């Protein structure tokens, strides 16, 4: 009880000292119990915006008209995301705004003196980390309590609705509350700052030697490039960036140390970083030129720009202010995520790459439209290996960026884009003569791409049995059809037994499904031709008069001398309707 009373008293003090921040916490967490699955994108807005509300109040603390500005800002961004076209959790502007607030929040109050700036940042990050850890511990305790109650009293508490909402409430309520408690204590003991010896040990004897070793490795790699006169690998960007980030981090943390080592190295670190930065940008350029711009690579460019500016600022005493680093990072994030978006930038770049590939493949007609020659059944078999690789690139581009680009759809047509999207697998990989020996296809009973109404007439059956199990066409250790079995292909009988039923079905049923669709199971077809058979193939009648309902079913086009065709490999049975 003393703990509860102490926490209640502490909560009362927080409400008096931070009334608006606590109000936002109460309001946002009050929405959590009412979140519904079907309207989660709307119901979660106030909850997901809590970090922004909370940080805004603390950033404006002790400013004139702080409460009014914070409330107005909160209402404005809430309405903006409520009426936005994309759900808040899928909106680049939300994540960009969240990152900007995070940077400003942990670097508050943007102290001009670098040592104080680093101290404030480390202190806030430590407070935030401890608050999250404590809230996480409460989450674990809550789950243990709910589990105990459920086990002892046979009360179903651990439902998929209760537990997630409970944990979300705990994290959203206790994390900011614990942070405010730490903030109170820090304000009361500011003059007594002292950092543990462990930080000095980590910076002086672990991180700094790693940075120096990385510097040596990077310069050796640079010497290798110059010696062999070759371009750096595209992946070098993912090596250089952590190295420079760690170096900048150590350079800042050294300001907090009483006995900082490696002073000479860090005095010239900014100048030593110039060559790695050049490698970084060459690597990024190589990566983008080869694979195109994606959302991740847009953010890679943003991060590389930040680090480049930070290094340049570090070269002059006047600009080497960490608050300037913080504001620069916020500006770049604002430009890349709110004024525009990584997806939009990637989409525009990939459209240019798409059109360049179309020209290189020579499939544009005189009107600069996609030529009808791609629909020729023999077209794919005439392609060179270099052209095949370019069609593979088209496959990757179209699905992620082109089919959702209204400019591309208006210019080239949805039908041709859809056809090109599946061209690599359907027409090249699947239909090439080199694949006749082994071509697999999976039929899915429930496919969102099909518009048909999936219904089953259950009148002829008495009971439904849940199976949920995978069965294959033979011995699981014998994946290939044995030579002695080839004479009976398409005439086999499969006997299945479980603890409730015994049932069997004939392979000849699949032959009849093909025939009913005007197809020959012994001939090879494109996937687009075969996939409409999925509904009939996954509803298999048994000899006992029942019906097996498959979730998915695998076939492979096999060739055994004169005997060839789509051979049943196995499938996942969900239900059995017994007569």
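Even glycines carry a Cβ here, placed using N, Cα and C.
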Of the ranges 201-223, 362-384, the one Swiss-Prot annotates as transmembrane segment is 201-223
Counting only residues at least 6 beyond its ends, the same-chain positions whose CB falls under 8 A of a CB in the transmembrane segment (162-181) are 10-11, 14, 17-18, 21-22, 25, 28-29, 32-33, 35, 47, 50, 54, 127-128, 130-132, 134-136, 138-139, 142-143, 146
Per the Cβ filter (under 8 Å) with a sequence gap of at least 6 from its ends, the transmembrane segment (296-315) is approached by 237, 241, 244-245, 248, 251, 269-271, 273-274, 277, 280-281, 284, 287-288, 321, 324-325, 328-329, 332-333, 336, 342, 345-346
Contact count check, CB pairs under 8 angstroms to the transmembrane segment (93-110), set 39-61, 264-286, 324-346; argmax is 324-346
